[in-house]
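Asker: Okay, handing you the structure first.
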């Protein structure tokens, strides 16, 4: 850790900001952040749709050349400066707008992500019953087209079920699908989660019982109280887990980051013992090598890697900022990235073993029951669980797993915002009141999420999902790579990493950071633009003003970059525009390691008033502070002069 023989050892701890209790806490938190709901309900669907086992090839290629390098860059960036997504841009102040863009993205995602968690809470609570409410078609909200797998008449129509499913005029709807739609659920193009009603007319008495979806995005209607209550529960849980920052969340992740793997393993063992499970797994893994040449397959692989790892959200920088300065974040980035992707593959076995069993029970092809997003999490999988003995138990475990997966990501989203605010203000007053900042952000997030629990909430949820964190993330990540590698300078950054880790980044990562990863990010951006389709919700067409709001949300994070750059250039010193640009992009004097004991070489402090205030100077052995202070107190000499008992002072 940089200690010299004969000197007292360096503490390598930030008393002012705090650190992780140990390195396991950081790894588990980062795994919980990266491994989210998309690993369970999106990757398996992408895999079987894009060539099964053949999709693994472009997926891991993108992981190696884009995912891990970007992950390592963000971890090393935050760890070196020990600052959040705003403070790190002392490296090039003109690009501080990138940090503000990350905050805006994290705000949008944090608002609607917790609404998804609240739906999982809702299903978790309603699963605590003897018979799951979506088991049979005898409920008030069911339609004449409902056909449950456990209904008495299912055997008579089993042989004709496939034809029935393909018949566009009379489509079978499962009890779980109707329960999901009427209770606030459905699945549509371009969205990861949303809900809505069926096209079948429902008696007015039934429409009072369920969520009454409004006819337009501008007609909010009334608040769905059960979802509002679950949203409150979600935010209370998130706040309590972050009440003491990383000190408390670091202990919570021992459970929230590991228990989902226990549930996945339980469901996997149960799934592979069912009849038809092998068929479902083979459907998931059977390679279709001809699809390798399809550009869309590579685009889906790159996009899944990029969004799954949480790049450009600001969370990775924030979590790494609480590491000790000499922590081996290179090792951590590889471990966390591979764990994230391995979890996605493992979840595919869990999902498709159950779907294969359900397809075998219905006598149809696996493709007829396979789905993704909430259509998988809240329709297909819950319906399959009704076929198992003690189905409420499996349902409780499954939705509890979804809750934990969502909370792991939500912790980091909230901590990203809180850390950025506290670091930006930076005085002792706000540091001591960080808990109140966390409470304020949580309350604001809850209030902003209330409209998403109204009758028109689904429209806004779908709008935010499609626009708030889509191409803007790609642009932010691309600009970050350019700013670090070409504005600050790749040689400077490589020296910083060598100073921090004791070795420079491997040559492979140097090449990826400078050339390959930015090129892949640009490819993802082009792919996103080409694949863009206006969002739709069944037959509902979004009005022009709503789509305009969606684009404004997307631009609100990106526009921070040029606005702050112009502001910084105008405030910089210089007689000409070129001089102002040079001063605005030049690293600040207080850029570098946060602790004075780590600032050596070109970061050796000059101890001027402007820079000394940003450095954290602390005793190397705090526990001896009082005794040394006593020893250093002045005493009265025989000649009446005062002198120190410790001449070293």
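Glycine too: its Cβ is placed from the backbone N, Cα and C atoms.
Just so it is clear, the model here is predicted, and its values are computed rather than measured.
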Asker: Looking at 26-44, 140-158, which one is transmembrane segment according to TrEMBL?
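Answerer: Result: 26-44 is the stretch TrEMBL calls transmembrane segment.
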Asker: Could you check which of 287-304, 305-322, 575-592 is flagged in TrEMBL as transmembrane segment?
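Answerer: Matching range for transmembrane segment: 305-322.
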Asker: Determine, for the Na(+) site, the additional residues of the same chain whose CB lies within 8 Å of the mean position of the CB atoms of 32, 34, 35, 39, 308, 340, 405; present them in sequence order.
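Answerer: Other same-chain residues near the Na(+) site: 31, 33, 36, 38, 343, 344, 408, 409.
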Asker: Are the transmembrane segment (435-461) and the transmembrane segment (507-530) near each other by the rule of at least 3 C-beta pairs under 8 angstroms (pairs 6 or more apart)?
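Answerer: Not in contact, no.
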Asker: Near the transmembrane segment (334-359), which residues from the same chain, at least 6 beyond its ends, have a CB less than 8 A from one of its CBs?
Answerer: 27, 30-31, 34-35, 39-41, 43-44, 47-48, 56, 59-60, 63, 67-68, 71-72, 149, 261, 264, 267-268, 271-272, 274-281, 283-285, 305, 308-309, 365-366, 368-370, 376, 380-381, 383-385, 387
Asker: To the transmembrane segment (305-322), which of 26-44, 225-246, 393-414 is linked by the most Cβ pairs under 8 Å?
Answerer: 26-44
Asker: Could you check whether the transmembrane segment (225-246) and the transmembrane segment (542-567) come into contact, where contact means at least 3 Cβ pairs under 8 Å with the two residues of each pair 6 or more apart in sequence?
Answerer: no
Asker: Mind checking which of 34, 35, 137 has the fewest other CB atoms within 10 A of its CB? They're the recorded positions.
Answerer: 137
Asker: Where the distance is taken from Cα to Cα, which of the binding-site residues 34, 340, 405 turns out closest to residue 137 (disulfide bond)?
Answerer: 405
Asker: Can you tell me which recorded stretch out of 26-44, 258-285, 393-414, 435-461, 467-487 has the most Cβ pairs within less than 8 Å of the transmembrane segment (56-77)?
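Answerer: Between the stretches 26-44, 258-285, 393-414, 435-461, 467-487, 467-487 has the largest tally.
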